[in-house]
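Visitor: If you scroll down you'll find the structure; I have some questions about it.
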Ligand code: NCD
């Protein structure tokens, strides 16, 4: 096993073999999840607390199901966005929870870097479930697992990430992961939604869907993050769909067997045509949701193993 980390805060610090360790274990959890008795006790006796400072349905449900299937005691805390404006409040909350001896903290926060900060204050494993525009590591891992299962490999693929890149932690984590695995990553979208320093990430940038999608093996669409915009990024949603929304006509420029992905939640008719999103011959959007549970089970299992080893080490040293 080559995953020794204490927390899962981002893709950035991970090495390719650590990524593969998580994905290989996740493949085993896919099988467990498809079996009638989808239960294991690798987290039995452990307490998992989900702290979501930002609205989420699928990610929170996915982490909750993952923890329950592994036998953890799972608690969801709905954090009020209004009470966490100050850094101290976040740390105070973390310290209070820490005193209750949790083993796994799953945290989503609107501020980039907040989850890293919190991880420094607690003595349990922390998983980043999305922080601001920074990282969303389990999303990139579940996307990687979906790609590997659909394409049979996770290297030397051409992947077009399209739409609102500038506001997207999903894009950032995916660019990092796919780059580490030696893929060709293209960013496609209007210049207003592409980060100014995009080319420093080793990606190619296009503002035309036809060119950006040409021959692509994977087309990853992103949600237009309206809540993170303060106006002026796009002329209108209709115009946006016309130029950048994925439909069958634009997809025809990609490879014949290209798959279509979207992290959800989707804006149908804005970044993706609803019929295409539901086309099970091209779209792997439901597989992404399925892989999400398996990847989170794998990540929590590996972190729990490392936590036990660290605690056993401290006990034997009598500290
Ligand atoms: C993503 C997120 O929250 O970053 N969604 C998710 O994890 N289900 C992407 C998005 O909000 O568009």
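Even glycines carry a Cβ here, placed using N, Cα and C.
From TrEMBL, here are the annotated features:
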{"type": "BINDING", "residues": "58, 59, 108, 136, 139, 264, 265", "note": "carbamoyl phosphate binding site"}
{"type": "BINDING", "residues": "86, 169, 223", "note": "L-aspartate binding site"}
{"type": "DOMAIN", "residues": "6-148", "note": "domain 'Aspartate/ornithine carbamoyltransferase carbamoyl-P binding'"}
{"type": "DOMAIN", "residues": "157-302", "note": "domain 'Aspartate/ornithine carbamoyltransferase Asp/Orn-binding'"}
Visitor: Can you tell me how the residues of the domain 'Aspartate/ornithine carbamoyltransferase Asp/Orn-binding' (157-302) break down into helix, strand and coil by DSSP?
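Guide: Its residues divide into 61 helix, 24 strand, 61 coil.
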Visitor: List only the single closest residue to residue 223 (L-aspartate binding site), chosen from the binding-site residues 58, 108, 265 by CA-CA distance.
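Guide: For residue 223 (L-aspartate binding site), the closest Cα among 58, 108, 265 is found at 265.
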Visitor: I need the neighbours of the carbamoyl phosphate site defined by 58, 59, 108, 136, 139, 264, 265. Which other residues of that chain put their C-beta within 8 angstroms of the C-beta centroid, in sequence order?
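Guide: Sorted by sequence, the hits are 56, 62, 129, 130, 170, 263.
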Visitor: Do any residues at least six apart in sequence from residue 59 (carbamoyl phosphate binding site), in the same chain, have a Cβ closer than 8 Å to its Cβ, and if so which, in order?
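Guide: Expected: 52, 108, 129, 130, 138, 139, 292.
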Visitor: Which one of these binding-site residues has the most other Cβ atoms within 10 Å of its own Cβ: 58, 108, 136, 169, 223?
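Guide: Buried the deepest by this measure is 136.
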Visitor: Which binding-site residues from the set 59, 108, 136, 139 come near ligand 1, judged by a Cβ under 6 Å from any of its atoms?
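Guide: Result: 59, 136, 139.
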Visitor: DSSP says what for the domain 'Aspartate/ornithine carbamoyltransferase carbamoyl-P binding' (6-148): how many helix, strand, coil residues?
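Guide: Helix (H, G, I), strand (E, B), coil: 65 helix, 27 strand, 51 coil.
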Visitor: Using Cα coordinates, what distance in whole Å links residue 58 (carbamoyl phosphate binding site) and residue 169 (L-aspartate binding site)?
Guide: 16
Visitor: If you count, for each of the binding-site residues 139, 264, 265, the other Cβ atoms lying within 10 Å of its Cβ, which residue has the minimum?
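Guide: Ranked by other Cβ atoms within 10 Å, the binding-site residues 139, 264, 265 bottom out at 265.
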Visitor: In angstrom units, rounded to an integer, how far apart are the Cα atoms of residue 136 (carbamoyl phosphate binding site) and residue 169 (L-aspartate binding site)?
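Guide: Just about 6 Å between their Cα atoms.
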Visitor: Can you tell me the CA-to-CA distance separating residue 264 (carbamoyl phosphate binding site) and residue 169 (L-aspartate binding site), as a whole number of Å?
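Guide: For residue 264 (carbamoyl phosphate binding site) versus residue 169 (L-aspartate binding site), the Cα atoms are 13 Å apart.
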Visitor: In angstrom units, rounded to an integer, how far apart are the Cα atoms of residue 265 (carbamoyl phosphate binding site) and residue 169 (L-aspartate binding site)?
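Guide: So the alpha carbons of residue 265 (carbamoyl phosphate binding site) and residue 169 (L-aspartate binding site) sit roughly 14 Å from each other.
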